[in-house]
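Inspection log for the structure reproduced underneath, given as structure tokens.
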Ligand code: SF4
């Protein structure tokens with residue numbers, strides 16, 4: 001099975017350890033992982049902020065780069081949801097938005113729609129790939145810490161990953177999983193929302209952080225570094241001492257790492 | 001707070017002000033969490049909720065697709081039943097029609113059933129300018145009116161007020177409108193309700209003209225339907241000699257049978273009840289009564305012309321999306337500057353009014369796109385999808401456009417991204433963790449910035465894997 005890693009632009013640039021952890025983990029489980037270097041970004045930030053054309057250009061690139069893979073693994077719920085949930089909508093909307101377009105545009109549209117249909121069903125968030133494709137919940141990890149898990153909106157309501165991440169965490173040796181109060185409430189990141197409506201975003205995060213602190217956990221885990229950058233940035237500013245970690249990094253940890 | 005929604009500043013500024021009001025945040029948090037839990041419990045009871053929801057969506061879509069046909073059918077049915085039908089293109093025309101109809105009766109006082117459509121067109125102000133006093137009879141709407149306030153929730157317009165505040169409003173203002181509050185009024189809910197009941201009863205018994213909206217208009221029979229909890233609506237609909245109903249054209253349902261679906265969807269989604277306490281239906285004019293139906297467009301045909309936005313017209317105003325919205329929960333309804341607050345307001349208001357004002361242009365951004373609103377909507381309006389669509393249509397600030405283009409340009413070629421990453425890692429020590437300049441300052445007000453790593457993932461891969469493994 002050819003597995004392509006879509007590391008995402010944020011992880012690539014700011015959180016390379018997450019990408020390394022995915023590579024380590026998948027290799028340990030017997031997968032041949034490739035990182036196609038033509039990849040950059042799924043286009044989510046552009047599309048969600050209202051820059052559809054720029055987003056579409058990036059989407060085209062993504063579809064081209066990942067066309068040949070049996071599975072594409074994404075260590076980010078929101079980027080995986082962008083590809084799987086929003087690309088088909090973009091394809092449908094292309095027909096709607098420009099009714100009088102010329103024939104070339106029509107062909108471009110059809111090609112995009114076909115590429116979306118071909119690639120997106122094989123795009124998986126990390127926990128989906130581990131549980132559904134590899135059939136593993138115990139990935140042989142060891143992480144002797146008290147951990148709480150924030151499900152993130154796009155994993156929860158976009159991808160509907162359900163309890164896959166917590167099943168994976170429960171199987172980690174040494175790990176004590178404590179439930180997060182109001183876990184399914186948004187942390188207030190929302191991409192450019194965090195800057196455009198900074199005050200509301202901060203108020204939402206304050207409640208999320210209060211919930212994290214109430215658990216007494218040492219580590220807050222999620223499957224999306226964007227949300228973690230926001231919550232972690234607040235935890236750090238408040239000097240709570242709680243660390244944030246991507247799910248992949250916990251699942252990649254073993255006894256040898258000690 | 002008084003009078004009108006016009007001239008409100010942009011959403012982020014409104015929101016920031018609202019966030020400073022801790023009483024408001026406390027009231028809202030309590031109220032929305034209570035009703036949220038109630039809704040979830042009664043929705044979970046129905047094994048076929050998703051199928052009901054799909055049915056509601058399908059019926060509304062059919063109604064919207066064939067709106068022209070159904071509206072004419074409804075007009076004919078209402079006329080046949082002795083009612084008069086008027087068409088209003090916008091708020092001003094609808095207001096003028098109502099004012100003229102009231103004037104023709106010679107009355108200067110009317111009673112009102114709570115109605116979003118009449119709030120949307122600012123009817124109370126229009127009537128006031130015409131020398132007519134319009135008295136609200138819904139308890140929460142009464143609190144808003146007495147307090148010279150604006151509604152902040154679709155279903156519970158006074159959700160931002162608590163008992164103590166309501167007691168004060170009753171004591172200070174009831175006398176200006178009719179029967180005063182008893183001098184020993186406490187903030188016990190039963191006492192407050194009793195004071196309101198006595199005050200309102202006098203209004204009902206003297207009013208000759210009633211004004212209502214409607215939750216549904218059934219094309220087949222010309223029947224109007226109002227769902228309410230207090231019974232005040234029923235009094236307004238039946239006691240006065242003249243009844244005027246202002247109804248948005250999107251309220252049409254094709255057949256009487258369709259109502260069954262919505263009588264399940266609406267109460268469970270809005271009040272978290274299995275069944276609605278008072279459901280009133282009327283067709284044309286009752287004996288000895290005169291009935292006028294005003295069909296209101298006011299931007300609805302514009303919304304209908306928007307292929308992605310038109311789904312917002314399926315909305316049955318249940319307010320479930322408000323009650324689960326984390327943004328609404330923190331800032332309340334006034335920040336949205338419209339009678340339609342929360343997630344539905346963030347899409348419906350710009351669809352109806354356009355995005356010419358600062359506020360209306362900022363509404364599609366008043367969401368973190370968390371998707372909770374879409375999950376609870378009983379007619380499956382994909383609110384995040386419409387938000388993103390409106391963002392693409394709306395105006396963008398020039399500086400942002402430039403920045404987004406620059407980022408897009410960089411991301412469009414891996415080589416450019418690699419260069420940018422290399423530059424970032426060289427300058428990594430210069431990135432302040434606590435005080436970013438420019439738009440980044442909004443981030444560092446409350447959050448630290450992550451440290452830029454020495455080596456990007458891409459650079460690590462190249463260093464350790466060479467160029468094999470899917471390089472292209
Ligand atoms: S958008 Fe949906 S959830 Fe919100 S008020 Fe309308 S019908 Fe209810």
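The backbone N, Cα and C atoms fix where each Cβ goes, and this holds for glycine too.
Nobody curates TrEMBL annotations by hand; they come from automatic prediction.
Annotation source TrEMBL lists domain 'Cysteine-rich' at A:3-83, A:147-231.
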Residues in the domain 'Cysteine-rich' (A:3-83) grouped by DSSP into helix, strand and remaining coil: 46 helix, 10 strand, 25 coil
Per-state residue totals over the domain 'Cysteine-rich' (A:147-231) - DSSP helix, strand, coil: 43 helix, 11 strand, 31 coil
Model confidence over the domain 'Cysteine-rich' (A:3-83), averaged pLDDT: 96
